[in-house]
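The block underneath contains the structure these notes are about, expressed in structure tokens.
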Amino acid sequence: MIKPRVKRPVVSLRMLPSAMTVAAICLGLSAVKFALDDRPTEAMAFLAVAAILDALDGRTARLLNATSKMGEEIDSLADAVNFGVAPAFIVYGTLLSQSRIGWIVVLLYAVCIVLRLARFNAMLAEDQPGYMKEFFVGMPAPAAAIGAIGPLAAKMQFGEGWWTSEPAVVIWMIGVSLLAVSSIPMRKVHTFAIPPSAVVPLLVLLALGVAASILYGYLVLMAIILAYVIHIPFAIRSSRWVAAHPEAWDDKPRQRRATRRATRRATRRAQPYRRSVARLGLRRPPDR
């Protein structure tokens, strides 16, 4: 008698996003372990890989049509661990372990990241104008984590200095914490429109950036932090302009930029010297 073949259970690819998220949590906790062992280089490397997995798991879930409520909850917990708890322990173990208020500062940071993630999840269920999809409200958790370890990157690159002093690190961490829970608009990177003519130059720059990250990783990290801080005033101006022009809410970013440029050109043609005259305090001579 021929026995029927027993079908082996098939592991579906739909599990891949959740597996990536769990792996990211393990890497984040391993980063904490290396920080406590006074191995900051390994800690930051594990944190970087965890951030990459966190950025890919959601996209992988959408690509495989494997999104689920459980996956969303796991992803939020992973963000809290990788971008809240892990950076807090790394900064405390390497820079603030001898400080009286060091533990309070890193606790503040971790709590602010958790609150920021909770607010983000709550805002997903709210009806918002279309343009708000292009902005974060406050500094996103991954950017805050990169910012938090900025002083450590400076220490690894330049050694001890004012950037590793207790007042500087405390002020920096408080600033990052407040930015995370603030209502300041910050642009989402994936919303930037890239013209076809700029694709090749950007790919070349990306290749150079990867090579620089391998050779000068800490400098690249600090450059990323500086670039992000510089972009904040431009994001605020862009958000305010869109909020004041409801007719442009449903336009694409490229269309809005074209509208803003056209408006500025029209204003300059109509009043070409008004700004310079006001700046210099000049007055028009009376008619005779």
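One is the number of the first residue shown, and numbering goes on along the chain from there.
A Cβ is built for glycine as well, from the same backbone N, Cα and C atoms used for every other residue.
Annotated in TrEMBL:
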{"type": "TRANSMEM", "residues": "12-32", "note": "transmembrane segment"}
{"type": "TRANSMEM", "residues": "76-95", "note": "transmembrane segment"}
{"type": "TRANSMEM", "residues": "101-118", "note": "transmembrane segment"}
{"type": "TRANSMEM", "residues": "130-149", "note": "transmembrane segment"}
{"type": "TRANSMEM", "residues": "169-186", "note": "transmembrane segment"}
{"type": "TRANSMEM", "residues": "198-230", "note": "transmembrane segment"}
{"type": "REGION", "residues": "252-288", "note": "region 'Disordered'"}
{"type": "COMPBIAS", "residues": "254-272", "note": "compositional bias 'Basic residues'"}
Tertiary contacts of the transmembrane segment (198-230), as residues 6+ beyond its ends and Cβ separation under 8 Å: 143, 146-147, 149-150, 153-154, 156-157
Recorded stretch, among 12-32, 76-95, 101-118, 130-149, maximising Cβ pairs under 8 Å relative to the transmembrane segment (169-186): 130-149
Sequence-remote partners of the transmembrane segment (12-32) [C-beta within less than 8 Å, at least six residues beyond its ends]: 42-44, 46-47, 49-51, 53-54, 56-58, 60-61, 64-67, 70-71, 74-75, 77-78, 81-82, 85-86, 89-90
Intrachain residues whose Cβ lies under 8 Å of the transmembrane segment (130-149), provided they are six or more past its termini: 44, 47, 51, 54-55, 79, 82-84, 86-88, 90-91, 109, 112-113, 116-117, 119-120, 123, 172-173, 176-177, 179-188, 191, 221, 224-225, 228, 235, 239, 242-243, 248-250, 253, 256
